[in-house]
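What follows is a set of notes on a single structure, which appears directly below.
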Amino acid sequence: MLNIPIIANSKRFLFSKDHEAQSTRDHDVELETREGPSSGYNPNFNAADAILKKNSDQVDLDVNKLTNVTSRVLNTPEASLIYDDDREFPDGGLKAWLVVFGAFMGLVPVFGLINSLGAIESYISKHQLANISSSTISWIFSLYLAISFLSCILSGGYFDRNGSIGLMCTGTVIYAGGLFALANCKSVWQFILAFSVCSGLGTGILMTPLIGTVATWFLKRRGIATSISTMGGSIGGIVFPIMLRKLYKEVGFQWAIRILSFICLTCLICASVLARERTKPVVQPFKSKAEVAKWYISSVFNWRYFLEGKFLFVAIGASFAESSLTSCATYLASYSMTRGNTENVAYTMITASNAVGILGRYIPGYFADKFIGRFNVEIITISMAALFNFVMWLPFGGNTKVLWAYVCLWGFSTGSILSLTPVCIGQISKTTDFGKRYATVYLLQALVTIPVLPIGGTLIGKGTVANYNHFIIFNSALMAAGAACYIISRHICVGAKLCKF
C-alpha cells in the first residue's frame, strides 16, 4: 500500500512513476481513505487503508518499490502532504487557552519540583543525611528523575488511546502521596521509597498528558503555547525554594514539605479539570485481554522509532541536554555554599535562574514559531548553555558577581530545553503518535539520567573546588553533545541549508 501521512478526503493526484526498467508514465489516480478507528486525534484517518485507484480499478502498490514519486493535489491547493492538517487545530480560542492554563497549573508542581531539587538536596545533606556521602545522596535524586522519565512510557500509549483524565487522576494521587510521605523520611531508603519511587512515578504519569493535551489544540502556535504552559515549571522553581527556605526555619522540614504537598495537590486538581484533549480518541475495542497486553507492550517501547535518524538524534540530544540541566540545577546551591556564599544567597540563585527561565521559555518559543524554527532555536540555546558553562562557571565560579551573571544567563539559555523538546518531537511526528514518541524519548532519557547524578556526586566527592570543576566539565560536555545531536537531526531533515526549521 502507498502510505500517505494525511489525506483528509478523496483527492486527485498526478503520480510520476519511475521503477526498474519501465519508462516514466503519468498516472491520473484517485486516493481514497476508508473511515476506521484510529489511536489518536485524526479519528477518521487510517494511513494503512489508503488505496490507489486507476480507471475505477484498485491498484495495489508497494511503497518500497516506488522511486522518484512526485505528487500534487489538483484543484485543492490548500491540501498538503504533511503530518497534520492545520485546519483541524484551533490554534487559539478560549477553550484552547484554558487547556494551556490547566497545563501551566499542573506543571507548576511537576516541573517546578524538578527545578527545586537543589532546595531539598542542600537541606537533607546537612540534616537528616549529614553523615551520608554525596554520591549516596545523589541516588535519591537520580532515581527520582529516572523514574519520572521512565514512567512516561506507561502514560504515552494510554494517552494516545484513552485521553488524559485517567492519567491525571492516577498521577495526582501517587504524586501527592509520595510528597506527603517525604515529610516523615529520615533515612536514605525512606527517601528513595517516598520521593524517588512514589513522587517520581506520579511525575512521569502526569508529564505526558499535561504536555500532550496542549499539542492537540495547537499546531502553528504549538511552540509558544507549550512554552507558556511550561512556564509553570519556572514559577514553581521560583516559589518553592524561597518558600521552603522560609518554612524550614519557621515550622521545620516536616510541615514545610506538607505545606508544599497541599499546594501541589491544589494545582494538580485544577489541571485535571482544565487540561483536556481537543477530541476524544476514536478507537477499536480490544477483543481479548491478550490483545490489550500486546498493544500496551508495543506502545510502551517502539524500537522502530529509533530507526528514523532524525528521531534517534533528537532523543539522544534531549537526553544529554536535560540530564545536564537537572544535574547542574541539583548541585548549584551546594556549589554556591562551597564557594563561600550563604545559604540565603545559594537558594536565591536557584530562584533567580528559574525567574530568568520564564523569559527563556517565552522568548525562544515566540521566535521559534514566528521566525527561526524550533530546531534552530533549540540548537542555539543548548549551545549557549554549554558555552556559559565553559567560559563563565568553570573559570570564574569563585567570583560572586560572575556567578550571579552565569546563573541568569544559564537560566535563560536552558529555559527552552524543557519547553521546546516536546515541540521538536511533535514537529517530526504525527499528533496521533505524539504520546508514544514523547514517552519513548523519556525512556531513553531515564536510562541516561540514572548514572549521570551518581557520576556527578562521585566527581564532587568531598566537595572541594577542584572536584566541582571536574563536575562542571562533565556536565558541560553533556550539554555540548546534546547540541551536536540536534544539529545532526536537523541535517537529516533539511540538510545544511539555512532555513526556518
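First residue shown is number 1, and so on along the chain.
A Cβ is built for glycine as well, from the same backbone N, Cα and C atoms used for every other residue.
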Residue pair LYS186, PHE396: same membrane side in Swiss-Prot: yes
Site from LYS54, LYS430 that Swiss-Prot describes as ubiquitin cross-link, others unannotated there: LYS54
Record-annotated N-linked glycosylation site (source Swiss-Prot) among candidates ASN131, ASN162: ASN131
For the topological domain 'Cytoplasmic' (366-371), distant same-chain residues with Cβ under 8 A (at least six beyond the ends): 220-224, 227, 377-378, 416, 420, 423, 500
For the topological domain 'Extracellular' (462-470), residues assigned helix / strand / coil by DSSP: 6 helix, 0 strand, 3 coil
For ASN131 (N-linked glycosylation site), the three-state class that DSSP assigns: coil
Result, the transmembrane segment (311-333) in contact with the transmembrane segment (471-493) (3+ CB pairs under 8 Å): yes
Distal contacts, the transmembrane segment (223-245) - CB-CB under 8 A, six or more residues away: 96, 100, 103-116, 118-120, 123, 210-211, 214-215, 217, 256, 259-260, 343-344, 347-348, 350-351, 353-355, 357-358, 360-362, 364-366, 368-369, 374, 415-416, 418-420, 422-423
Leading stretch by Cβ pairs under 8 Å, where the reference is the transmembrane segment (439-461) and the options are 135-157, 164-183, 311-333: 135-157
Within the topological domain 'Cytoplasmic' (211-222), residues counted as helix, strand or coil by DSSP: 6 helix, 0 strand, 6 coil
Proximity of the transmembrane segment (343-365) to the transmembrane segment (98-120), 3+ C-beta pairs under 8 angstroms: yes
